[in-house]
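Straight from Swiss-Prot, the features:
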DOMAIN    71-277  domain 'YjeF N-terminal'
BINDING   Asn122, Asn123, Gly124, Gly125, Asp126, Gly189, Phe190, Ser191, Phe192, Thr193, Gly194, Glu195, Asp218  (6S)-NADPHX binding site
BINDING   Asn123, Asp185, Ser221  K(+) binding site
Amino acid sequence: MRKELLLRTTNHSAFQNSVYLLGFLRFAKFQLSSRANISNVRPFKGRRTNCAATSVHSNRMEVTYLSQSLAQTIDNELMSDDVGYTTEQLMELAGLSIAQIICREYSLDRFKKVLIFCGPGNNGGDGLVAARHLKHFGYDVTVAYPKEKTKVLFQRLLKLLQHYHVPVVKSATGEDLKLYDLVVDALFGFSFTGEPRSPFDEIIHTINQSNKPVVSVDVPSGTNIDGGSAANALSVNSEMNISLMLPKEGVRHYGKKHYLGGRFIPNSIVEKYNLKVPQFAGDNSYVQL
């Protein structure tokens, strides 16, 4: 009986040792394979940034440039009962993509202090949302809001900024702008008509005289939305434009760095108006045009 028990114990120990040895050999093989793969990885040599460095160039570069009237028609339809978007939803989507694009192009170590000029309309609302997201991303953000809106939506956006400790000021002079690394122009969007009036004409002049890098939201403020020879004499001279929904005719020949943000046009609208929308890569909410 004792011999049989000893034999069983010996056989069981031998089996366990075989299992341990097999596991060790598999682990060693995995380690060698992993080291070989790591040695073949090339270091990323792109510009230093605190945002993801995935490609945002579209493989389908055909894009529809919207007239002012068509942009307004589509915008109204997006917020109709039939489609179902709200102004708040569109602002959040637009503002997030604006912040993500800025984060991609303007690294936190060089452009930490950001001043955002927000206008009285929805373009300004997009700027208020972008300010909050940039604060999330680590930027030191200030909002200049010359004509504060009293609508509940805008007051809620301002209240959020208070809770994020984002300063909101009435104006900013040329001397004030010297304190910032980047200026964002969210004064006027596609609904703007005519010439900029006070205080916005002075603000545009101050921005252009600052020699700071400037990013415009949707169109450089003061631009004639339909383009052509009737372009306004006074408009923001930005180095990058972030179009929303689809680019407008006024920036067809922009000629500088140009992104499309706000990935919110449903298939039904694309088909109804025969729109050409660039292909967004993966889960990106923006694409470089």
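Placement of Cβ uses the backbone N, Cα and C atoms for every residue, glycine included.
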Field: For Phe192 ((6S)-NADPHX binding site), the number of other Cβ atoms found within 10 Å of its own Cβ
entry: 23
Field: Fewest Cβ neighbours within 10 Å, where candidates are the binding-site residues Asn122, Asn123
entry: Asn122
- prompt: If you count the C-beta atoms lying within 10 Å of each candidate's C-beta, which of the binding-site residues Gly124, Asp185, Phe190, Gly194, Asp218 ends up with the smallest number?
  reply: Gly194
- prompt: If you count Cβ atoms within 10 Å of the Cβ of Ser221 (K(+) binding site), leaving out that atom itself, what do you get?
  reply: 27
- line: Cβ contacts within 10 Å for Asp126 ((6S)-NADPHX binding site), all chains included, total 31
Query: How many Å separate the Cα atoms of Phe192 ((6S)-NADPHX binding site) and Asn123 (K(+) binding site)?
result: 10
Additional residues around K(+), ordered along the sequence, whose Cβ is within 8 Å of the centroid of Asn123, Asp185, Ser221: Phe117, Gly119, Gly124, Gly127, Ala186, Leu187, Phe188, Gly189, Ser216, Val217, Asp218, Val219, Pro220, Val236
Statement: Within 10 Å of Ser221 (K(+) binding site) (Cα basis), scanning binding-site residues Asn122, Gly124, Asp126, Phe190, Gly194, I find Phe190
- prompt: Mean pLDDT, the domain 'YjeF N-terminal' (71-277)?
  reply: 96
